[in-house]
Amino acid sequence: MSTITIVRPAGLAQWQADVLLLIVTLAAAAGWIFSKNTLTELPPVGFIGIRFFLAGLCLGLFCYKEVLALPARALGAGLITGLVFGLAMMTWIQGLALSVHVGVSAFVVSLGVMFVPFFAWLIFKEPLAKSVILALPIAIAGLALLNLGSPQTEGWQWDGAHLVMLAAASIFAFQFCLTAFLAKRIAPLPLTAMQLTVAGSVALLVSMATESLDVSVTAFGWSNLLAAALIASSLRFFLQTKALEFSSASHAGMILLLEPVWVTLLGWMVFAQTLTFYQMIGCCLIFSALVLQKVCQLKSV
């Protein structure tokens, strides 16, 4: 029986790609903190518009020639996925504005990973993997515990922020499926630059139509906005694209699952936010469900 040898392109070693991916998760987690800080001074949708328009332009500096060389069909794919990404981010920022605990909200959004197979099944008729069926009840139990609250509350009730974050997670999952389907022949960096720029442009238009622009932004607000755009967006996606050139998507997916863990730790360090007992168990169950799904996928490869 012949064997297939996978030749990894010269450049980064696997451990170096893993380090880059860890930095990516930290940058993404820091984005939650930068965004929460900026919301004290800027309107939510306006912030998202400035953040991603600026981030898209910065990424475009590294790949503008590739973007200009893309055919009309590829540009259309970037436009469509960018519009959906913009809707997802505008929903996410509204959820963040309502969130009491950024870490809990991050775990809710992470459920989008589990929604992807369902959208692929509904839209593209891809069969559902057994790993999704096994992990889903665990994730649902975790989500229920997040909404149970502490023993001092009046029992189970939905948190409005969690509902908004669930909606955002669903749109993120839909956008992921669209990107995978429409952009198979587009290099990741030009596609990401287009998506960020389109998302930012749409958010800016929505903000001008629906939000007050009469705001006073301090140096604290501008610094967090720039950090969100340059570190948590441009640098994050640039490093992620680079790391994925030298790592498999399934291997990278395991590392990227750490994002909500870092968000929870940063929420404790920066905002002194602590988890209740039920929230800790709920977060652990959601994380376990995500890991179970990924491990089963790795074993099936």
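Placement of Cβ uses the backbone N, Cα and C atoms for every residue, glycine included.
According to TrEMBL, the protein carries these features:
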- 17-147: domain 'EamA' (DOMAIN)
- 162-292: domain 'EamA' (DOMAIN)
- 12-34: transmembrane segment (TRANSMEM)
- 46-64: transmembrane segment (TRANSMEM)
- 76-98: transmembrane segment (TRANSMEM)
- 104-124: transmembrane segment (TRANSMEM)
- 131-149: transmembrane segment (TRANSMEM)
- 161-182: transmembrane segment (TRANSMEM)
- 189-209: transmembrane segment (TRANSMEM)
- 221-239: transmembrane segment (TRANSMEM)
- 251-271: transmembrane segment (TRANSMEM)
- 277-296: transmembrane segment (TRANSMEM)
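Nonlocal intrachain contacts for the transmembrane segment (189-209), taken as residues 6+ away from its ends with a CB within less than 8 angstroms of a stretch CB, comprise 43, 45-46, 48-57, 59-60, 62-64, 66-67, 70, 75, 77-79, 81-83, 85-87, 89-90, 179, 183, 233, 237-238, 241.
Taking every listed stretch (104-124, 161-182, 221-239) in turn, the largest tally of C-beta pairs under 8 A with the transmembrane segment (46-64) is reached by 221-239.
Most Cβ pairs under 8 Å with the transmembrane segment (131-149) belong to 277-296, among the candidate stretches 104-124, 161-182, 251-271, 277-296.
Between the transmembrane segment (221-239) and the transmembrane segment (12-34), three or more CB pairs separated by 6 or more residues in sequence fall under 8 Å, so the two stretches touch. Within the chain, the transmembrane segment (277-296) has long-range Cβ neighbours (under 8 A, six or more residues past its boundaries) at 101, 103-104, 107-108, 110-111, 113-114, 129-132, 134-136, 138-139, 141-146, 148-151, 250, 253-254, 257, 260-261, 264. Put simply, of 12-34, 76-98, 251-271, the stretch with the most CB pairs closer than 8 A to the transmembrane segment (104-124) is 251-271.
Here the domain 'EamA' (162-292) returns a mean pLDDT of 91 for the predicted model.
Within the chain carrying the transmembrane segment (76-98), a Cβ under 8 angstroms from the stretch's Cβ atoms is held by residues 32, 35-36, 39, 44-45, 47-48, 52, 70, 105, 109, 160-162, 164-165, 167-168, 171-172, 174-175, 178-179, 182-183, 186, 190-191, 194-203, 206, all 6 or more beyond its ends.
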